[in-house]
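To start, the structure under review is shown below, and the notes come after it.
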Amino acid sequence: MLLVIDVGNTNTVLGIYHEGELEYHWRIETSRHKTEDEFGMLLRSLFDYVGLMFDQIEGIIISSVVPPIMFSLERMCIKYFQIEPQIVGPGMKTGLNIKYDNPKEVGADRIVNAVAAIHLYGSPLIVVDFGTATTYCYINERKEYMGGAIAPGITISTEALYSRAAKLPRIEIARPDHIVGKSTVSAMQSGILYGYVGQVEGIVKRMKWQSKKNPKVIATGGLASLIADESDCIDIVDPFLTLKGLELIYERNRVESV
């Protein structure tokens, strides 16, 4: 079995693969201050819940956009699983040709998403990831990672509105009954949701225009389904795209090292 770990700024997603299939997955809050033992005990409780043992894990791969957490995570893998984890980063075989000015600047999550999307859906592609930041990645017809756009995530924007405007409440991100809100809450929901739909459609439209292609648009992340329901520009929602990419990269590097 393979343990895959995707560390984001807000949430960490863990998955267990067995014979190429995702059997279990969990989403937990990302904590920069947990020790290796706290991570170990957390995973112990998750494993116990589904009847797994640590010694069933044969490999571990981690992608992270939160460097401070990595020391504790790596130590946890060694102490509790007796496994040196693969870390997505420079020097790892991904099969992705990155055309960024400085390829080392591309976040591990964006690389992993691109690898999975190319493998599953072909190219050209636009991959939209609704996370703490909303990222847009363009992959051309030669399967080259050309770059993209990074915008504040929908949750960050909502929290900023709440914290900076004294009379505006904290709200649930949800589809309002009408685009013309009849209350403060519904008006905020309308502005936030449809403002983000407009952002997605605008950036995707401009990427397509600049590329002079008609790339398939793949969305992932916690709010992907909500946005996709309101827009025709998203072709496929794949909530486990990042975990799939981690499994692919692990297998490529495992085969390479054999």
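Placed from the backbone N, Cα and C atoms, the Cβ positions cover glycine too.
Note that the structure is a prediction, hence the values are computed from the model and not measured.
Annotated active site, proton acceptor per Swiss-Prot: D109, in sequence order. Here Swiss-Prot flags D6, V7, G8, N9, T10, N11, T12, V13, T132 as ATP binding site. Annotated substrate binding site per Swiss-Prot: Y100, G107, A108, D109, R110, T184, in sequence order, evidence recorded as sequence analysis. Among the features that Swiss-Prot reports, K(+) binding site is placed at D129.
Among the binding-site residues T10, T12, T132, T184, the residue whose Cβ has the fewest other Cβ atoms within 10 Å is T184.
For the ATP site, the Cβ centre of D6, V7, G8, N9, T10, N11, T12, V13, T132 serves as reference, and the other residues of the chain with Cβ at most 8 Å from it are T30, V65, V66, G131. Taken residue by residue with DSSP, D109 (active site, proton acceptor) is part of a helix. Among the binding-site residues listed here, namely D6, G8, T10, T12, D129, D129 has its C-alpha nearest to that of R110 (substrate binding site).
All protein chains considered, the CB of D6 (ATP binding site) has 28 other CB atoms within 10 Å. With respect to Cβ neighbours within 10 Å, the binding-site residues G8, G107 differ, and G107 shows the lowest count.
Secondary structure at T10 (ATP binding site), as computed by DSSP, is coil.
Within 10 Å of A108 (substrate binding site), judged by CA to CA distance, lie the following binding-site residues from the set D6, T10, T12, D129, T132: D6. All protein chains included, D109 (active site, proton acceptor) registers 27 other Cβ atoms within 10 Å of its own Cβ. Long-range C-beta contacts of Y100 (substrate binding site), restricted to its own chain and to partners at least six residues apart, with a cutoff below 8 Å, comprise V106, Y145, G147. Here T184 (substrate binding site) is compared against the binding-site residues D6, T10, T12, T132, and the shortest C-alpha distance is to T132. Restricting the recorded positions G8, G107, D109 to those with a CA within 10 Å of the CA of the residue listed as 'K(+) binding site' leaves D109, listed by sequence position. All protein chains considered, the CB of R110 (substrate binding site) has 26 other CB atoms within 10 Å.
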